[in-house]
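Here is what Swiss-Prot says about this protein:
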type	residues	note
ACT_SITE	Lys209	active site
BINDING	40-69, 103-104, Asn108, Thr134, Lys284	NAD(+) binding site
MOD_RES	Lys60	N6-acetyllysine
MOD_RES	Lys76	N6-succinyllysine
MOD_RES	Lys76	N6-acetyllysine
MOD_RES	Lys95	N6-succinyllysine
MOD_RES	Lys121	N6-acetyllysine
MOD_RES	Lys149	N6-acetyllysine
MOD_RES	Lys238	N6-succinyllysine
MOD_RES	Lys242	N6-acetyllysine
MOD_RES	Lys242	N6-succinyllysine
MOD_RES	Lys297	N6-succinyllysine
MOD_RES	Lys321	N6-succinyllysine
MOD_RES	Lys321	N6-acetyllysine
TRANSIT	1-36	transit peptide
Amino acid sequence: MAASLRLRGAASGLRYWSRRQPPAVASLAAVCSRSMASKTPVGFIGVGNMGNPMAKNLMKHGYPLIIYDVFPDACKEFLDAGEQVVSSPADVAEKADRIITMLPTSINAIEAYSGANGILKKVKKGSLLIDSSTIDPMVSKELAKEVEKMGAVFMDAPVSGGVGAARSGNLTFMVGGVEEEFAAAQELLGCMGSNVVYCGAVGTGQAAKICNNLLLAISMIGTAEAMNLGIRLGLDPKLLAKILNMSSGRCWSSDTYNPVPGVMDGVPSANNYQGGFGTTLMAKDLGLAQDSATSTKSPILLGSQAHQIYRMMCAKGYSKKDFSSVFQFLREEETF
C-alpha cells in the first residue's frame, strides 16, 4: 500500500502523501530506519465512532491489532475477528511498539498516556506513538515531552473527513512531530487516509485541525442559515442547494454534508442527524479554538459566536445529534 503513495510538495516545502497521485516507488527511498513493510502488531486505543473504522482499515491492510477501549463492548467485534483485546493502555504498550490513540478529549488522552495504567507505564524505547485525537496543542506538547523522557516518539495526527471518510479510508491526517519519523507514521496513516500532511513540530497538527474545525463550524452555520432563509422565501431546498453549489457560496457543508433533510442521501440530515460528528465534539473543538485564540491574541469574532451557538445547542437537547443539526436548531428557535 505504501508504495502507492507519492511524496508531494517538495518545491513548496510542503510534505504530504496522497493516494490520489500516480504510484512512485522511488519516493520511498528516503524513509527512516523503521521498516515500511512491517506487519508487526499495531496498538489501537479508542475504537469509537472514528476509531472503529480506522482500526478496521489497518486490519484490511494486514496489520494485526492490539485493541483497548474504556468500553469493553466496543472491542467485541475485534475480538470476534481474532484481534487481541487487552485491559489497559499499558498492556497495549507492552505488546506493541507502534500505537495509535483516537480519543474524545484532552483529559482522555492524558489518562491514556500518563494515567495509572497508561501507555507510559510500559512503553518500549523507540516506540512510535501517534495521537489522532483532537486535543489542545499544549497538551500534545506536554505529552511529547513525557514520551521523549521514556525514549519513545510522539506525533500528533488529528483527522478531518468524518465517519464516512474513516470508513472509506479517505481521511486527511495533519501530522506534527519529528520530521524524520514522518515516513514511519505515514506507513500506518496512509492505510486510513488519502492525504497525510506534515505540518511541523509537535502541536502543529492540532493547530491545523483546530483551524479547520473553526472554519467548518462557521460554514455549517452559514449554510444552515442560507438554506433556512431560502426555504422561508419559497425556494425548493434541493433547487437552492443546486444553485449554491454552482455559485460562489459553495462549500463542503453545502455540497457534501448538506444540513437540510431530503437534500442529500447518506448524510446525517437524512437520518434525523444520527451518526456523524457530534454537536458536543464540535462545541469542544470550538472551545479549543477559543483557548488558542486567547493565548495568541487572535480575534475570532465569528468563531466565538459559533462556539456559543453550539454550546446552546448542547444545552437544548442536541448534544447527541450531528453538528449539522444546527439547521433544525435554527428552524425551531423562534427567537432568532
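Even glycines carry a Cβ here, placed using N, Cα and C.
Features recorded in Swiss-Prot, as mapped to the structure shown.
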{"residue": "Ile45", "record": "NAD(+) binding site", "contacts (Cβ under 8 Å, 6+ apart)": "Gly51, Ile67, Tyr68, Asp69, Pro89, Val92, Ile99, Ile100, Thr101, Met102, Leu103, Ala112, Ile119"}
{"residue": "Met50", "record": "NAD(+) binding site", "contacts (Cβ under 8 Å, 6+ apart)": "Met102, Ser132, Val159, Val163, Ala166"}
{"residue": "Ala55", "record": "NAD(+) binding site", "contacts (Cβ under 8 Å, 6+ apart)": "Phe44, Val47, Leu65, Ile67, Phe78, Ile100"}
{"residue": "Lys95", "record": "N6-succinyllysine", "contacts (Cβ under 8 Å, 6+ apart)": "Pro41, Gly43, Ile66, Gln84, Val86"}
{"residue": "Lys121", "record": "N6-acetyllysine", "contacts (Cβ under 8 Å, 6+ apart)": "Ala90, Ala93"}
{"residue": "Lys209", "record": "active site", "contacts (Cβ under 8 Å, 6+ apart)": "Thr134, Pro158, Val159, Ser160, Met174, Asp285"}
{"residue": "Lys242", "record": "N6-acetyllysine", "contacts (Cβ under 8 Å, 6+ apart)": "none"}
{"residue": "Lys297", "record": "N6-succinyllysine", "contacts (Cβ under 8 Å, 6+ apart)": "none"}
{"residue": "Lys321", "record": "N6-succinyllysine", "contacts (Cβ under 8 Å, 6+ apart)": "Pro268, Asn272, Tyr273, Gln274, Gly278, Thr279, Gln328"}
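In this view, Lys76 (N6-succinyllysine) is surrounded by 13 other Cβ atoms within 10 Å of its Cβ, with every protein chain counted. Comparing C-alpha positions, Lys149 (N6-acetyllysine) sits nearest to Thr40 among the recorded positions Thr40, Lys60, Lys76, Lys238. The separation of Thr40 (NAD(+) binding site) from Lys76 (N6-succinyllysine), Cα to Cα, is 22 Å. Counting only same-chain residues at least 6 apart in sequence, those with a Cβ under 8 Å from the Cβ of Lys60 (NAD(+) binding site) are Gly169, Cys191. Here the modified residues are Lys149, Lys238, and the one ringed by the most other CB atoms within 10 angstroms is Lys238. Long-range Cβ neighbours of Thr40 (NAD(+) binding site) (same chain, at least 6 residues apart, Cβ-Cβ under 8 Å): Pro64, Ala96, Asp97, Arg98. Taking every protein chain shown into account, Leu65, Leu103 are the binding-site residues, and of these the Cβ with the most other Cβ atoms within 10 Å belongs to Leu103. A helical conformation is recorded for Lys242 (N6-acetyllysine) in the three-state DSSP classification.
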